[in-house]
Every structure is written in C-alpha cells, then in structure tokens.
Amino acid sequence: MGGTTHSSTDPFPPLLDVSDVTRSFPGVRALSGMRLDLRHGEVLALVGENGAGKSTLMRLLSGVDQPDTGRFLLDGREIRPSGPGHARSLGIGIIHQEFSLVPDLTVAQNLFLGREPRRWRWFVDRRALDRRAAELVAELGLPLDPDAPVATLSVAHQQLVEIARALSHRPRVLIMDEPTAALDADEVETLHALIRRFQGPNTGVIYISHRMDEIRRVADRITVIRDGRYVATRAVSTTSTDEVVSLMVGRAVATSTAPAPTRVARRPGPVVLSVRGLSTRGLLRDVSFDLHEGEILGFAGLMGAGRTETARALVGADPSTGGTVEVRGRPARIRNPAEAAALGVGYLSEDRKRYGLLLDHDVGTNITLAALASRFATAGVVRRRAARTAAQGYVRALGVRTPSLDRPVRNLSGGNQQKVVLARWLARDCDVLIVDEPTRGVDVGAKEEIHQLLEGLANDGTSVIVISSELPEVLRLSDRVVVMSEGRVTGILPAAEASQEAIMRYATLRPENTGTPPPDRDAPGDQYRAGAPEPTAPEHGREARP
Amino acid sequence: MTATDTTDTVDHPARRGGLAGAARARLQQLLALASLLVIGAFFSVASPFFLTYGNFTAILFSTVVIGTLAVGTTLVIVSGGIDLSLGTGMALCAVVAGVLMVDLGLPLAVGVPAAILFGGLIGLVNGLNVTLLGIPPFIATLAMMLVAGGLALVLSNSAPIYFTDVPGYLDISTGNLVPGVDFPNAVLILLVAAVVAGLVLSRTVLGRHTYSVGSNEAATALSGVDVRRVKIAVYVLAGLFTGLAGILISARLGSAQPATGMGYELQAIAAVVIGGTSLSGGRGSVVGTLIGALIISVLNNGLQIMSIPQEWQNVILGCVILVAVYADMLRRRRRG
C-alpha cells in the first residue's frame with residue numbers, strides 16, 4: 001500500500017514534514033519510521049486505533065518529549081521543539097484532549113494565562129486583559145462571555161476556550177486531538193466553521209479523530225497510522241470509510257482474529273449479572289447487557305466510549321443516575337465497591353498504580369487486601385500465617401516473579417504488578433470479575449499468562465468482563481463483545497461475528513444516528529446489530545485484507 | 001515462563017531491597033531509638049543529674065500525656081488523616097470527668113470510663129464529619145478543636161475542677177502499682193495503651209486496612225474495603241485515647257484545667273513525626289511514636305537540667321523535628 005508522499009527535493013516543501021521519526025520506551029517501540037506531510041492550507045486527518053502512536057507523535061511535536069531519530073521540517077526548515085512553550089513560538093499549536101484550563105479563572109484570564117498584559121511591571125492590566133479577550137472572542141465569532149469563570153461553562157464551551165487560546169498564538173500548524181469528543185452536532189459545526197476561518201494559505205490543521213463522518217466533512221486528506229508506523233495517506237474525495245477502517249486495523253488481521261489455539265469452546269451458563277439502563281450524569285446513557293456464568297464478555301470501544309465508566313458505575317465507585325442491576329436474578333443496589341464485593345462482583349482498574357496497588361506495601365499485603373476480612377481473620381484479628389500461606393500460593397500459581405512476599409510491589413515489573421492485583425481478586429473468590437485493560441503496559445509473556453489465567457477462570461465458572469482497547473485481545477478472549485460509543489452500547493456481537501472491522505464500525509458510530517440502543521437478549525449465541533451505516537457481512541472486511 | 005526462571009528475572013539492586021524487607025521496617029524505629037540513645041548519652045555526659053533513677057522515672061512520667069495522645073493520633077495519621085482536636089479534646093474530657101465525679105459525685109468506676117467514652121464520642125463526631133460530610137480532616141478536627149476547647153470552658157465555668165474529694169483518683173497517675181516501688185501507674189497505663197494500639201495497628205483487619213487507606217484510599221475502596229468504616233473507627237480510637245489522656249493529666253495535676261489543652265495536639269503530632277510516621281499516611285508504627293514522644297521528653301528534661309532557658313527548648317525541638325524528618329526522607333530517597 002503506497003500513499004501520497006513527497007520527495008525531499010520537492011521545490012515546494014510541505015508546511016510540515018515529519019520524516020522517519022522513531023521513539024522507543026523501555027520494552028515498547030511507540031513510533032517507528034513515522035512520517036507524514038501536511039500541505040499548506042489543508043486539513044489532514046490523522047487516524048489510527050488506540051495505541052497506534054498518535055499521542056506519542058503529538059507529544060513529540062509539542063516538545064514534551066523528543067524523538068530518538070527523525071526530524072520535523074516546518075516550511076523546509078528543521079525544528080526541534082524542546083517544550084510546549086517553544087513549540088508554540090515555532091508556530092505549532094496543540095489542543096489536547098484533556099483541557100489545560102484553570103477552572104476558577106474567567107475565560108479572559110484563561111486565554112491570557114501566563115502572558116497577562118502588565119502595568120507597572122508587577123500588576124495585571126485588567127482593562128487591557130478584558131479588552132483583548134473580548135477582541136479575540138469576537139474575532140473568532142465564539143459564543144463566549146469573557147467574564148464567565150471557566151468552571152461554569154459546558155464542556156463544549158471549555159473546548160472552545162481551549163481552541164481560542166491556541167488560535168490566539170497564531171499558529172502555523174494547529175493540531176487538534178479528538179476535538180469533538182465532547183461536542184454535540186451543532187457545536188461540531190461551530191468548530192468546523194472555526195477551522196475554516198482559521199485556515200489560510202500558509203497554515204495547516206492536523207485533525208485527530210475517530211469519526212469518519214466528520215473527517216469526511218472537514219478534512220482534505222487522511223493519514224492512517226498503525227502500531228507506531230505510517231500506513232497510508234488517502235485523499236478524502238477518493239477513499240471510502242471501509243478502506244480507511246481496513247487500513248486502520250490491517251495489522252496481521254489474519255492471525256489476530258483467528259481463534260487462539262488454546263481457546264476451548266466455553267458453554268456459558270445462566271445469566272449472573274444483568275444490567276439495564278445504566279446511566280450516569282456525565283456520559284453513560286442507557287447501558288444494558290447480560291453476563292452469563294463462565295462467560296468472557298469483552299467490552300470494546302474507542303477512548304472515552306464509556307467502558308471504564310460503565311464498570312465504575314456498576315460497582316458503585318461512581319454514582320449512577322439510573323438503571324437497575326440484578327445479580328443472579330436478585331435486584332441489587334450497589335452503592336460502593338464494598339457492597340459490590342459483598343455480592344461477589346470485583347473490579348480491577350485500568351490504572352493499577354492509582355486505583356490498584358498499595359505501591360509501598362509488600363506483595364503479600366497487596367494480595368490479601370480484598371480478602372483480609374472475609375478469609376484471613378478471626379474476630380477481626382488477622383491470621384497472619386494463613387494469609388501468608390495463601391499469598392505464597394497465589395504467587396506460585398500466577399508465576400509472580402518476586403524473590404519474596406515482603407518485596408514492595410513498587411519494585412516489580414508491570415506484568416508482575418498486574419498479576420498481584422489479579423491475585424487480590426482471586427483471593428476474594430468473586431463470581432463476577434471485571435478487568436479493565438488487564439494487560440496494559442505488560443510485556444508479551446506476562447500478557448499471554450494473564451490471558452490464560454482469565455480463560456481458566458471462565459472455564460471454572462467465573463464470569464469475566466474484559467475491557468480492552470486492544471482489539472486482538474478482545475477478540476482472543478471474548479465469547480461475546482459489547483461495543484460502546486459515546487456512552488452507549490452500539491452493538492453486542494457474538495464471537496463468531498466479531499472482527500476488528502465489525503467492532504470498529506460499531507465503535508465509530510454516533511449513537512444519535514442509531515436510535516435506541518439494543519436490548520441484550522438472553523442467549524449467549526444471540527446476536528444483535530445496531531443500524532450500521534451500511535449493512536456489512538463479516539466477510540466483507542476479510543476480502544479487503546491483503 | 002516456567003517456575004525455574006523465577007529469580008533470574010529480578011534485577012539485582014531490587015533484590016537486595018527485598019531481602020531486607022522485614023528488617024527494613026524495623027530500621028526506621030532503630031534509627032529513632034539510636035537518636036534517643038545518642039541524645040541520652042549526651043545529657044548523661046553533660047549533667048551528673050541526668051542519669052539517675054529518679055530522673056528516669058521523671059522522664060517517663062512526663063511522657064505520659066503526650067505519649068497517650070500521640071499513640072492515638074498515630075492511627076489517624078497512618079490512615080492519611082490528621083486530628084487537631086486532641087489537645088482541647090483532652091481538656092474537655094478532663095472537665096467531663098470532673099463534672100461527673102466532683103459535681104455529680106459519681107464513683108470512680110463510672111466516671112473514668114464515662115470520660116474515656118466521651119473522648120470516643122468526640123472522635124465519632126470527627127469521623128462522621130470526615131466521612132459522611134466529606135470535610136477534610138484538617139478542617140473537621142480544627143473545628144472540633146475550637147468546639148471542644150470552648151465546651152471545656154463552658155462546662156467548668158472557666159475554673160479548674162479539683163479532684164481532692166474523689167478518693168483514689170490521683171493514684172491513677174501518681175500511685176504505684178507495687179507499693180514501695182517508685183514507678184508511677186501512669187507510665188504503666190501508657191505502656192498498656194500503647195501495646196493495645198500497637199496490636200490493633202499490626203494484627204487486626206482494622207489496622208491493616210488503616211495502612212491500606214493511608215497508602216492508597218481509592219485502591220482500597222475499589223478492593224471492596226468499606227473505607228468510611230475504617231476512618232470512623234480510627235477517629236473513635238483516637239478519641240478514646242484523648243479521653244484516657246484527659247484522665248491521666250487531671251489525675252496528675254489533681255484538677256481538670258479547662259484552658260490547658262491547646263498545643264498538646266501539635267506536640268503529639270511532633271512525636272508521631274519524629275517516630276517516622278508519614279504525615280501522608282500509609283506508614284508508621286506505635287513503637288516509633290513512643291520513641292518520638294520519649295525523644296521530646298528527654299530533650300525537655302535534659303535541657304532543663306542543663307539550665308537552658310525554657311524559651312530555647314521549643315527552638316531546639318523544632319530543629320530536631322526538621323532533622324529527624326529530613327534524615328528519614330534522605331534514607332528513603334537513597335533506597336529509591
């Protein structure tokens with residue numbers, strides 16, 4: 001697969017030329033020979049799966065991190081951004097997914113944060129600040145009140161403040177990372193209008209998004225990256241959504257969608273956990289699904305689709321605004337994770353350092369934490385020998401590589417840390433185990449061990465929910481796959497019909513276009529498809545593969 | 001990935017740290033103990049009056065109140081909280097003891113437990129404010145510090161309550177369990193209380209959960225531990241120790257002094273910190289706290305014996321806190 005690229009002897013160099021950029025982290029090659037070219041006056045969409053390397057590339061361009069090899073040329077001249085401020089002064093503006101606004105300050109104060117107009121050197125010239133903020137807002141045609149504290153704005157308007165701030169620096173290259181993730185259709189239109197107004201003959205926009213419909217409207221060309229590598233660039237006018245999706249997931253699909261050799265056909269039993277209409281204030285709308293005994297239910301979706309939020313609301317870690325949960329047919333009111341655990345529902349967070357481990361505590365303490373009261377204590381006094389023996393047993397069974405139980409978990413590798421938090425829930429002996437990104441930051445060997453462990457659990461009758469951003473992992477493990485997009489369930493696919501293409505199609509749906517989300521029917525073999533943009537047989541995608 | 005490569009995959013420097021695992025937990029206490037001995041040795045050389053049995057028991061006796069408060073607040077601090085209401089809470093409990101036994105004439109066997117339980121009640125209110133209302137511990141207990149200090153004055157009409165007519169009350173602190181052996185009861189009570197607190201912290205589910213909450217509250221909650229109950233229990237326990245300290249101090253003075261509590265909480269926190277307990281939670285021990293309290297007493301006592309003006313004692317104590325905490329941080333950083 002080729003792609004439109006330029007040669008370096010081009011008499012008219014592109015606005016931004018990224019060539020042969022490599023960046024490795026211990027154990028991971030995040031970018032390898034990455035390249036792209038942004039032409040003058042164009043909007044270039046950058047697409048790729050989660051973890052394809054988009055964020056790494058952004059970090060390099062914004063100077064937060066430096067490439068190992070490769071170079072960036074702006075108008076043919078090499079630039080080496082050394083930090084966000086430097087990148088900005090070079091003419092590269094970046095709007096991150098996570099806002100960098102100070103909530104308690106006003107819009108005007110945020111717009112000029114760090115470069116406030118001064119008076120007598122030490123004092124903020126408030127009048128000048130207000131005037132310039134008003135000018136900026138008016139010039140960009142934004143519906144913003146410069147005096148409003150940012151905390152009082154909707155997420156969409158906060159996004160606009162962020163964009164206004166980036167534009168106020170008059171960047172040559174504006175990079176937007178998922179700028180519409182929080183916006184509704186009208187606001188997306190406002191944003192696109194803003195991009196068109198910004199765009200001149202000497203500027204360019206890199207637009208990172210998962211939403212093909214928007215890309216088709218706003219972008220001129222699409223560059224696809226995958227696994228840290230450049231894949232292809234296509235003109236929007238000559239490509240199709242199908243082509244782009246298959247380029248995105250094209251990685252060795254032949255091997256990763258094939259059932260893993262160790263896979264045994266599980267025969268899931270009756271419904272253990274039934275969730276109906278789960279909603280939260282922020283994101284989730286009417287999430288419904290069933291989990292069967294001994295089943296592995298995969299949760300797929302793009303960043304921010306609401307998979308983690310579903311798990312957290314389910315176990316009561318975050319408040320929900322509606323919905324019912326039944327555990328083994330009995331209505332359950334779960335207000336906090338302790339109540340969830342008492343019902344046999346355990347949740348392992350995606351962020352094991354923040355929400356999983358007691359980093360300074362030893363392996364034994366970490367393993368026995370969840371089961372201390374229920375299994376390892378008599379009348380509130382810890383039976384230390386029993387706890388230690390059990391912990392030792394899990395260390396051995398899971399192959400946690402640590403010289404002793406007394407080692408602080410901080411000193412273990414990522415894979416071993418992950419096994420420790422898994423062991424914690426095994427010790428608690430749950431009926432339902434929800435694992436969120438169980439192999440993130442874990443090396444290949446440990447990953448395989450964790451996969452086998454999860455499969456073993458399911459074979460022994462534990463019901464497992466696997467939330468993962470890695471489609472091959474979801475496909476490898478799942479009996480069925482729940483696909484979410486923007487806080488809703490857009491499809492529930494049985495393993496036989498789940499392919500990377502099918503999942504990506506549901507994951508990129510805007511739920512507004514799909515009508516009511518599907519009720520999950522009872523039988524595990526049951527299939528439901530939400531209204532996909534075009535009906536697609538699973539074979540379709542396979543034909544497109546090389 | 002077989003069991004045979006279990007040890008090979010572990011990097012070497014980390015392994016050294018692992019082997020020292022259990023010993024290292026003690027090291028922090030050993031360091032504190034060593035500093036205590038060094039300070040003691042210094043005063044022994046500097047003054048002939050320091051190293052005598054009389055002075056030894058005097059030091060222990062003067063450690064009792066701060067020690068009891070510090071042991072209680074160790075639990076709170078290990079859980080990642082803080083309790084500023086200990087000092088005035090202690091004064092209030094002493095006043096309550098006075099009201100019950102002097103004004104109402106209740107017997108010792110009722111008045112003493114009631115005053116201690118009243119301390120538990122103060123702790124319960126603190127715990128509920130922190131958990132149910134979600135008020136940060138610093139603010140919740142700062143408010144309680146003011147409330148308790150005020151109530152102590154209100155209940156006592158701002159006047160000391162004398163226990164002269166309560167038989168046996170003064171013996172709680174100053175009497176000797178074994179007649180003729182000069183070893184004050186208050187010191188024994190502190191030791192028993194410290195052993196109880198130490199066992200709670202190291203051996204019970206509550207204690208282990210206290211460390212977990214202090215180390216990573218979110219992770220502990222997600223592991224199915226009812227974090228609120230842990231926190232409430234910890235504040236209640238600290239309150240009970242506050243009540244006990246109220247009894248000990250009023251029995252020693254022979255009176256409940258309603259205006260004397262303020263400032264004790266900071267001395268107690270200083271003892272905890274010198275003893276190696278982290279103010280950010282998750283780490284610490286009762287033994288360390290006891291040593292910390294002893295270091296403060298020895299310093300005060302030794303400086304007094306050397307006739308260094310009272311005013312300088314706090315200056316030196318402040319410096320000791322800085323040195324102790326900085327040394328602990330250095331050790332920790334080197335370990336990486």
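Here the Cβ of each residue, glycine as well, is placed from N, Cα and C on the backbone.
Positions annotated as transmembrane segment by TrEMBL: B:30-50 (among others).
According to TrEMBL, the transmembrane segment annotation covers B:56-78 (among others). Packing against the transmembrane segment (B:56-78) from elsewhere in the chain are residues 86-87, 90, 137, 173, 182-184, 186-187, 189-190, 193-194, 197, 200-201, 210-211, 214, 234-235, 237-242, 244-245, 248-249, 252, 264-265, 267-269, 271-272, 275, 277-279, 281-286, 289-290, 292-294, 296-298, 300-301: each is 6 or more residues past its ends and has a CB under 8 Å from a CB in it.
Feature annotation from TrEMBL assigns transmembrane segment to B:90-110 (among others).
Under the heading transmembrane segment, TrEMBL lists B:116-135 (among others).
Taking Cβ pairs closer than 8 Å, the transmembrane segment (B:142-163) reaches residues 84-85, 87-89, 91-92, 94-96, 98-99, 101-103, 122, 125-126, 129, 135, 169-170, 250-251, 254-259, 261-262, 265 in its own chain, all 6 or more past its ends. Annotation comment: TrEMBL describes B:142-163 (among others) as transmembrane segment.
Residues annotated as transmembrane segment in TrEMBL: B:183-201 (among others).
Per TrEMBL, the feature transmembrane segment maps to B:232-253 (among others).
Within the chain carrying the transmembrane segment (B:259-279), a Cβ under 8 angstroms from the stretch's Cβ atoms is held by residues 28-29, 31-32, 65-67, 69-70, 72-74, 77-78, 82-92, 145, 148-149, 152-153, 158, 214, 245, 249, 285, 287-293, 295-296, 317, 320-321, 324-325, 328, all 6 or more beyond its ends. The transmembrane segment annotation in TrEMBL covers B:259-279 (among others).
Within the chain, the transmembrane segment (B:286-306) has long-range Cβ neighbours (under 8 A, six or more residues past its boundaries) at 28-29, 32-33, 35-36, 39-40, 42-43, 46-47, 49-50, 55, 58-60, 62-63, 66-67, 70-71, 74, 194, 197-198, 201, 267-268, 270-277, 312-313, 316-317, 320, 324. Per TrEMBL, the feature transmembrane segment maps to B:286-306 (among others).
Summarising the annotation, TrEMBL assigns transmembrane segment to B:312-330 (among others). Cβ atoms under 8 Å from those of the transmembrane segment (B:312-330) belong to residues 28, 31-32, 35, 270, 273-274, 276, 292, 295-296, 299-300, 303-304 of the same chain, restricted to positions at least 6 beyond its ends.
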Positions whose Cβ lies under 8 angstroms from the transmembrane segment (B:116-135), at least six residues beyond its ends: 81, 83, 85, 89-90, 92-93, 96, 141, 143-144, 148, 227-228, 231-244, 246-247
Same-chain residues near the transmembrane segment (B:30-50), Cβ under 8 Å, at least 6 residues beyond its ends: 274-276, 288, 291-292, 294-295, 298-299, 301-302, 305-306, 324, 327-328, 331
Non-local residues, at least 6 beyond the ends, that sit with Cβ under 8 Å of the transmembrane segment (B:90-110): 65, 69, 116, 118-119, 122, 148-149, 151-152, 155-156, 161-163, 165-169, 242-243, 245-247, 249-250, 255-262, 264
